[in-house]
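First the structure, which I've put down as structure tokens, then a few questions once you've had a look.
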Amino acid sequence: GECAVEPLADGWLVRPLTGSAGAVGEQTADARLVLDLSRSDHPEVSVRGGAGDWSHQLSPRHAELLLLLATHQAGRTAAQLAEALFGDPGRTVTVRAELSRLRRYLGGLLEHRPYRFAESVQVEVVRPVDPYQLLPSSSAPGIRRLRALLDTDTLLLPGCRTTAPAPGEHRVPSPRAATARA
């Protein structure tokens, strides 16, 4: 079938055109997305699914957005994301522009109205051991709240599978994975 070829910093991303329902279904069917935030200087997203496996290093803003979406599986409106990022629900144009850029390489893995991960995508967040190393350069109110939550000895982030690269790590399936098995 037809493919879109997009340049990335470290090579090329080739994916089926999302114009057909089959191509989108292939990309998202049983896809597993890992948001690796364990190294504060190199946030990365990795995807494994029907269309292949790939990884992409994230900008700080894209890492913030994906973390906020991962912890709100029902989705967030542009105004809610703007509030969580900037403390200002009126900054929706900025949020929409960043999400548009994210959708260039995540394609059908992200849905909108509200913004969220596709239902079939299993999302896992790998967090740092030290809660204050969770996107440490971020001053976004939503990220600060997540850091504070982790600092209360909570091992898991809400709404998503969370792991930490430490002895005795706790692996808990995401609510979506539990729903899919039921």
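A Cβ is built for glycine as well, from the same backbone N, Cα and C atoms used for every other residue.
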Looking at 15-35, 162-182, I want to know which stretch TrEMBL calls region 'Disordered'.
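In TrEMBL, the region 'Disordered' feature sits at 162-182.
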Could you give the mean pLDDT over the domain 'OmpR/PhoB-type' (53-117), rounded to a whole number?
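Over the domain 'OmpR/PhoB-type' (53-117), the predicted model scores a mean pLDDT of 95.
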